Amino acid sequence: MNPANHSQVAGFVLLGLSQVWELRFVFFTVFSAVYFMTVVGNLLIVVIVTSDPHLHTTMYFLLGNLSFLDFCYSSITAPRMLVDLLSGNPTISFGGCLTQLFFFHFIGGIKIFLLTVMAYDRYIAISQPLHYTLIMNQTVCALLMAASWVGGFIHSIVQIALTIQLPFCGPDKLDNFYCDVPQLIKLACTDTFVLELLMVSNNGLVTLMCFLVLLGSYTALLVMLRSHSREGRSKALSTCASHIAVVTLIFVPCIYVYTRPFRTFPMDKAVSVLYTIVTPMLNPAIYTLRNKEVIMAMKKLWRRKKDPIGPLEHRPLH
């Protein structure tokens, strides 16, 4: 097909999860609850980490940032998906599609780099506990966080730069509930073989490099923990287990989607729902379920909300 003979499409039709109204209503009900829990769970962690002085440490600073990013990440796709499920008219403009694509990869890239920073933080905390506060000081922490944001921005800009030059002259039906590279690139009315290689290389490089760093960090930690006491080993494994669970939930779907040729497989939409909608909801529960410090901070916040003036004996007499 010669793109010169066809006009550029004004937008795309998102095919979504289903065309059947009854199924769309069920999906709307379920994912509304999931998104509500995502917002409440992640923002609650941000509030707790910010308000409790005992949690003003590097580990909880990074956790608070991850929760904020999970809230943003889910908000890029979930609200629009919910509206489209009810409206039955899931169209998105070309500019809106590129905007969603940019922020999706921007926040997603930051999360990938941040998880790598969190693994490094745990490695230093366990391998060099006496020097931990010197190595992971506020300046280093801020620089690593800034590097994660810059890395996410560069990664996203590459995606946009490679996509925006493509001619889209029809068809305009995008087989997903949000705009992403694998589905979008298949609608281009030109040969995209070289472009697919570039995008797979870019996504694969970011994902696999970070995953290998994480794998190396935790392999070294597991070897190191053999020499620790039972109590120290148990506490370290508890912290690492939470992080490994989150890493698995994020990296495995990303590797499945972005490090292979852009072809459609039956599991694609289910995997997309997992890492864009479900995983951001699970992360707060995974990190707080066995974390005594966060649970204590939650209880303090709840008591403060119930009794904002303070205990009866400390109230002023009038």
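Placement of Cβ uses the backbone N, Cα and C atoms for every residue, glycine included.
Swiss-Prot lists Cys97-Cys189 with the feature disulfide bond, giving sequence analysis as the kind of evidence. Cys189 (disulfide bond) falls within neither a helix nor a strand when secondary structure is assigned with DSSP, and so counts as coil.
The N-linked glycosylation site annotation in Swiss-Prot covers Asn5.
Swiss-Prot lists 1-25 (among others) with the feature topological domain 'Extracellular'.
Taken from Swiss-Prot, the feature topological domain 'Cytoplasmic' covers 50-57 (among others), and the record attributes it to sequence analysis. Sequence-distant contacts of the topological domain 'Cytoplasmic' (50-57) (same chain, six or more residues past either end, CB-CB distance under 8 Å): 64, 293-294, 296-297, 300-301.
For the topological domain 'Extracellular' (80-100), the DSSP counts in helix, strand and coil order read 15 helix, 3 strand, 3 coil. The annotation topological domain 'Extracellular' is assigned in Swiss-Prot to 80-100 (among others) on the grounds of sequence analysis.
With a threshold of 8 Å between CB atoms, the same-chain residues lying at least 6 positions outside the topological domain 'Cytoplasmic' (121-139) that come near it are 58-59, 62, 217, 220-221, 224-225, 236, 239-240, 243. Per Swiss-Prot, the feature topological domain 'Cytoplasmic' maps to 121-139 (among others); the stated evidence is sequence analysis.
Sequence annotations record features per position, and here Swiss-Prot assigns topological domain 'Extracellular' to 159-195 (among others). Residues in the topological domain 'Extracellular' (159-195) partition by DSSP class (helix H, G, I; strand E, B; coil) as 14 helix, 2 strand, 21 coil.
The topological domain 'Cytoplasmic' annotation in Swiss-Prot covers 220-235 (among others).
The topological domain 'Extracellular' annotation in Swiss-Prot covers 259-269 (among others) and rests on sequence analysis. Long-range neighbours of the topological domain 'Extracellular' (259-269) within the same chain, counting only residues 6 or more positions beyond its ends whose Cβ lies under 8 Å from a Cβ of the stretch, are 17, 175-177, 181-183, 185-186, 196, 199-200, 203-204, 207-208.
The topological domain 'Cytoplasmic' feature in Swiss-Prot is assigned to 290-318 (among others).
The transmembrane segment annotation in Swiss-Prot covers 26-49 (among others). Beyond its flanks by at least six residues, the transmembrane segment (26-49) meets 17-18, 55-56, 60-61, 63-64, 67-68, 70-71, 74-75, 78-79, 81-82, 85-86, 277-278, 280-281, 283-285, 287-288, 294, 297-298, 301 of its own chain at Cβ-Cβ distances under 8 Å.
Annotation comment: Swiss-Prot describes 58-79 (among others) as transmembrane segment.
What Swiss-Prot records for 101-120 (among others) is transmembrane segment, and it gives sequence analysis as the kind of evidence.
Annotation comment: Swiss-Prot describes 140-158 (among others) as transmembrane segment, evidence class sequence analysis.
As annotated by Swiss-Prot, transmembrane segment applies to 196-219 (among others).
When Cβ-Cβ distances below 8 Å are used as the criterion, the transmembrane segment (236-258) is approached by residues 59, 66, 108, 111-112, 115, 118-119, 122, 126, 181-182, 200, 203-204, 207-208, 210-211, 214, 218, 221, 225, 228, 267-268, 271-272, 274-275, 279, 282-283, 286-287, 289-291 of the same chain, each at least six residues removed from its ends. Residues or ranges marked as transmembrane segment in Swiss-Prot (evidence: sequence analysis): 236-258 (among others).
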Segment-segment contact (the transmembrane segment (101-120); the transmembrane segment (270-289)) at 3 or more Cβ pairs under 8 Å: no
Top partner of the transmembrane segment (196-219) among 58-79, 140-158, 270-289 - counted as Cβ pairs under 8 Å: 140-158
Cβ neighbour count within 10 Å of Cys97 (disulfide bond): 21
Number of other Cβ atoms within 10 Å of the Cβ of Cys189 (disulfide bond) across all protein chains: 19
Same-chain residues near the topological domain 'Extracellular' (80-100), Cβ under 8 Å, at least 6 residues beyond its ends: 8-17, 21, 24-25, 27-28, 31-32, 35, 160, 163-164, 168, 174, 177-179, 184, 277
